[in-house]
Amino acid sequence: MSQNTKGAGLLISAIGVVYGDIGTSPLYALKETFAGHHPIAVTPDNVFGVLSLVFWTVMLLVTVKYVIVIMRADNHGEGGSLALLALVTELTRGYRVYYPLMLLGVIAAALFYGDSMITPAISVLSAVEGLEVVTPRLTPYVVPITAVVLTGLFMIQKRGTGLVGKLFGPVMCLWFLVLALLGIVNIVAAPHVLGAINPIYAADFIVKHPMMSFFALGSIVLAVTGGEALYTDMGHFGRFPIRVAWFALVLPALLLNYFGQGALLLSDPSAIQNPFFRQVPEWMVVPMVGLATCATVIASQAVISGAYSVARQAIQLGLLPRMTIVHTSGEEEGQIYIPFTNWTLYIAVMALVIGFQSSSNLAAAYGIAVTGTMMIDTILVAFVMALMWRWHWIAVAAVAGTLLLVDLAFFFANIIKVAQGGWFPLFIGVLSFTVLTTWRRGRELVRNQVKKLAVPLDVVMRALGPNVSRARGTAVFLTAATDGVPPALLHNLKHNQTVHQRVVLATVMTADTPYVPDSERVTMTDLGDGFHRLIIRYGFMQTPDVPAALELCKAFGQEFNMMATSFFLSRETYVPSLNPGMAHWRERLFTFMTLNATRATIFFKIPTDRVVELGTQLEI
């Protein structure tokens, strides 16, 4: 396959995965701005003002902020809030801002889940609502059809999306071409609408109608939802294909369609009830509903896949308990399925569809999570500018300060929508933040307790003496600590009075980078008397595999026969205590999460018939 063919394939794939969310925004962005909870009169001045705001919002928040600036801040090729967090915490380790920035990154991850629940619901609803343009008699069927489409989407997740995924790119390319064509047809009828590119119209609208424009920002932000996906999906496709796709197809198609809808409103203000489908010729509405539904399903799939990816990163970075991770492709490391995440999302999405009933009602809930995440991305990347790129502080203040002011304006414009539905992403954000921070703090308390009770290895080795029997074979003790003796070894010695001929104290660690190559996977140290310390490293985008890591120990002259190797694990039971460290209810939550975590044998891919689990009880 030639380099050009590969590049074209990557470009089309990027269009299918990266741009689904932002690509379906024309379905509802202008409609909600003019006819949402804070309606704006459809006058020529207002249309020009809103179009100008949409244009400059897309240019500033997506083109300048993400495409030009933030996409430079990759973590060894990976993007997204957690990848950026890992990069920034590495840069600021030892600084006072370390923990506040860590908390900000966790908040961004928590807000992401609120967003990932709303996107499938609002996208598919807005597409199916096109049937109402055909005839109002179809209105009662909008919610049931949406529910069926979304149920089908979530049910096929466990089978993987590799085969269907090959269609995503061509379908989205067709979608963007149709968006552009519809826009051009309407612009030709009123070409003067292109004058709204002039920022004077946006400024004039803000000055003349400060309150109205403030409310408008809360809906205009819908035009850039999904903009952060350009950065999040960078690891899958690379910076270059995403940028080329944006400038060559996606950006022109989006802007042409928004200006086309604006041109339609200038000639027919009544079209505001659904300007997207009203710009479509009558004979084409039903096929367009079909294409729009396909596009919104693709947008939803991208968000669902992103939720799996963020969950895996959170598990690897110690923010979530172990979960079952299923690889749905033998070729692509990134194609995974996490059952718990999938069904949690499904329940939340269905509750939103049934509870809110329409895309207009859901639009009020959309925006807070997106603008919050965008604001945190700006703050984190400011530290990358200063500490990694070595920009002068004036340049950092000018670029990051300007972007942060824009983010803040949109964030506060969305905060006022709390009572109308904005409470939902905030509720999910608080819930997710509580879970993430409780797990992280709980694991920290456990490590401290284990460290306190740990016995130094040299003490144990001296205590062994010549009388302790040595069993044949190898014993691998999995431990979170990189020093001292794991509780499982002490229990084995205490109760069985024996130690294996070869003892390996293995620790699986997660690096601040997305991937660790096999050449750097393992480090083995000979401690003497048959004892070895093994450090196994994985990136936060990788899934641990302990037996595969043991195979790499041949480089250190150590070979492992799985049939002669036993794996010893500590099965820890946590007892909430009155000791300072965590609130009692959080201790109970941590204990509950531990009980429901995926067993270490499954998560680390250890053969279950070679495992010995020894129970220990710890107070936290």
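Placed from the backbone N, Cα and C atoms, the Cβ positions cover glycine too.
Per Swiss-Prot, the features are:
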TRANSMEM  10-30  transmembrane segment
TRANSMEM  50-70  transmembrane segment
TRANSMEM  102-122  transmembrane segment
TRANSMEM  138-158  transmembrane segment
TRANSMEM  168-188  transmembrane segment
TRANSMEM  211-231  transmembrane segment
TRANSMEM  246-266  transmembrane segment
TRANSMEM  284-304  transmembrane segment
TRANSMEM  336-356  transmembrane segment
TRANSMEM  368-388  transmembrane segment
TRANSMEM  393-413  transmembrane segment
TRANSMEM  415-435  transmembrane segment
Checklist line | Spatial neighbours of the transmembrane segment (415-435) far in sequence, C-beta under 8 Å, 6+ residues away | finding: 37, 106-107, 109-111, 113-115, 117-118, 215, 218, 320, 348, 352, 356, 361-369, 372, 586, 589, 593
Margin query: Which sequence-distant residues neighbour the transmembrane segment (10-30)? Criterion: at least 6 residues beyond either end, Cβ under 8 Å.
Written below: 50, 54, 62, 119, 122-123, 126-127, 165, 167-173, 175-176, 179, 219-220, 222-227, 229-230, 233, 236-238, 241-242, 244-246, 249-250, 253-254, 257-258, 261-262, 265, 275-276, 292, 295-296, 298-303, 305, 359-360, 363
Notebook entry, point to check: Looking only at residues six or more beyond either end of the transmembrane segment (168-188), which have a C-beta under 8 A from one in the stretch?
Noted result: 12-17, 19-20, 23, 26, 194, 249-250, 252-261, 263-264, 279-280, 288, 291-292, 294-295, 298, 301
Check: Which of 138-158, 211-231, 246-266, 368-388, 393-413 shares the most C-beta pairs under 8 angstroms with the transmembrane segment (284-304)?
Finding: 138-158
Notebook entry, point to check: Cβ pairs under 8 Å with the transmembrane segment (368-388): which stretch of 50-70, 102-122, 138-158, 246-266, 336-356 has the most?
Noted result: 102-122
Note to self: Can you see whether the transmembrane segment (138-158) and the transmembrane segment (336-356) are touching - at least 3 CB pairs under 8 angstroms, only pairs 6 or more apart in sequence?
What the structure shows: yes
Note to self: Pairs 6 or more apart in sequence, C-beta under 8 angstroms, 3 or more of them: is that satisfied by the transmembrane segment (336-356) and the transmembrane segment (102-122)?
What the structure shows: yes
Check: Does the transmembrane segment (393-413) reach the transmembrane segment (102-122) with at least 3 CB pairs under 8 A, where each pair is 6 or more residues apart?
Finding: no
Item checked: Within-chain partners of the transmembrane segment (50-70) [C-beta distance under 8 Å, separation at least 6 from its ends] -> 22, 29-30, 33-34, 40, 79, 84, 193, 196-202, 205, 213, 216-217, 220-221, 223-224, 227-228, 230-231, 242-243, 246-247, 251, 254-255, 258-259, 262, 374, 377-378, 381, 399, 403, 406-407, 410
Next item on the list: Please give the sequence-distant neighbours of the transmembrane segment (102-122): residues at least 6 beyond its ends with Cβ less than 8 Å from one of its Cβ atoms.
Entry: 21, 28, 81-82, 84-85, 88-89, 146, 150, 153, 225-226, 296, 299-300, 303-304, 306-307, 310, 314, 319, 345, 348-349, 352-353, 356, 359, 362-363, 365-366, 368-370, 372-373, 376-377, 379-380, 424-433, 436-437, 440
